[in-house]
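Below: the structure, in structure tokens.
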Amino acid sequence: MEALAVLGGSPCASPSSLFRSATHRTTTLSYTHSHLNLHRSHHKLATFRPQSNLLSYYPSRPLAPKKNRKKTHIFLPHLVASLEKVDKSYIMVKPDGVQRGLVGEIISRFEKKGFKLTGLKLFQCPKELAEEHYKDLKSKSFFPKLIDYITSGPVVCMAWEGVGVVASARKLIGATNPLQAEPGTIRGDLAVQTGRNVVHGSDSPENGEREIALWFKEGEICEWSPAQAQWLME
Ligand code: DAT
Ligand code: MG
């Protein structure tokens, strides 16, 4: 009920299904300064627990001696809401990935994960577009080399959609430096050098939207309903 009130502004969130994988427990949060005593339903999202930033620790009694302070989870509903929101990510197989015959392998990783492909094309990127795409890196010493590399041969442009696709795609892709990327990730398995790291993935939902608009023309994005949808999401 509380979650419904907090998330009421989001038309994408379905409150009844929002915490379907959560276990619930009631926690009392006392905040001595403001004399607030809030009874909150506390949701533990098992799936996201390891490095979760969904839940923050706050001392339940801020003025109590340190050793007597109890750790209490404070639920951050705006972050959880984004787990239900359908994001868009621009994924691109870079020229080395195309030349090395890795297109199918890379597409396959996103397909198998369960994301929805809405745009796909082989494309020779003009210099101006590469510069616009990487404009945040303009001041970097490697920028000219980066532009030469991205324009050195065809790339495969993709638009992918799904709940949490931006963050998940970044995990599937792995660290920028392939030697630091975990085995099992695309870069960890298929590349060795930062300047030849085979694939791009948007770093935020906002950039996902921006990059898809940059690389795809109107009419190139296809809205469709995958038959497997009901087997992916409850
Ligand atoms: P990512 O592609 O992981 O989002 P980024 O946005 O920081 O990484 O950089 C974009 C690309 O620029 C990256 O995929 C490869 C290149 N790049 C980044 N840092 C570099 C460096 N130190 N030397 C050479 N190329 C670099
Ligand atoms: Mg980036």
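A Cβ is built for glycine as well, from the same backbone N, Cα and C atoms used for every other residue.
Marked as active site, pros-phosphohistidine intermediate by TrEMBL: H200. Following the DSSP three-state reduction, the secondary structure of H200 (active site, pros-phosphohistidine intermediate) is strand. The Cβ of H200 (active site, pros-phosphohistidine intermediate) lies under 8 Å from the Cβ of Y90, I91, M92, K94, each of which sits 6+ residues away along the same chain.
Of all Cβ atoms in the protein chains displayed, 24 besides its own lie within 10 Å of the Cβ of N197 (ATP binding site). Look at TrEMBL and you will find K94, F142, R170, T176, R187, N197 tagged as ATP binding site.
Taken through DSSP, the domain 'Nucleoside diphosphate kinase-like' (86-223) splits into 59 helix, 32 strand, 47 coil. Taken from TrEMBL, the feature domain 'Nucleoside diphosphate kinase-like' covers 86-223.
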Return the members of K94, R170, N197 (the binding-site residues) with CB less than 6 angstroms from at least one atom of ligand 1, or none.
N197
Express the predicted model's confidence over the domain 'Nucleoside diphosphate kinase-like' (86-223) as a mean pLDDT, rounded to an integer.
98
Suppose we draw a 10 Å sphere around the Cβ of K94 (ATP binding site). How many other Cβ atoms does it contain, all chains included?
25
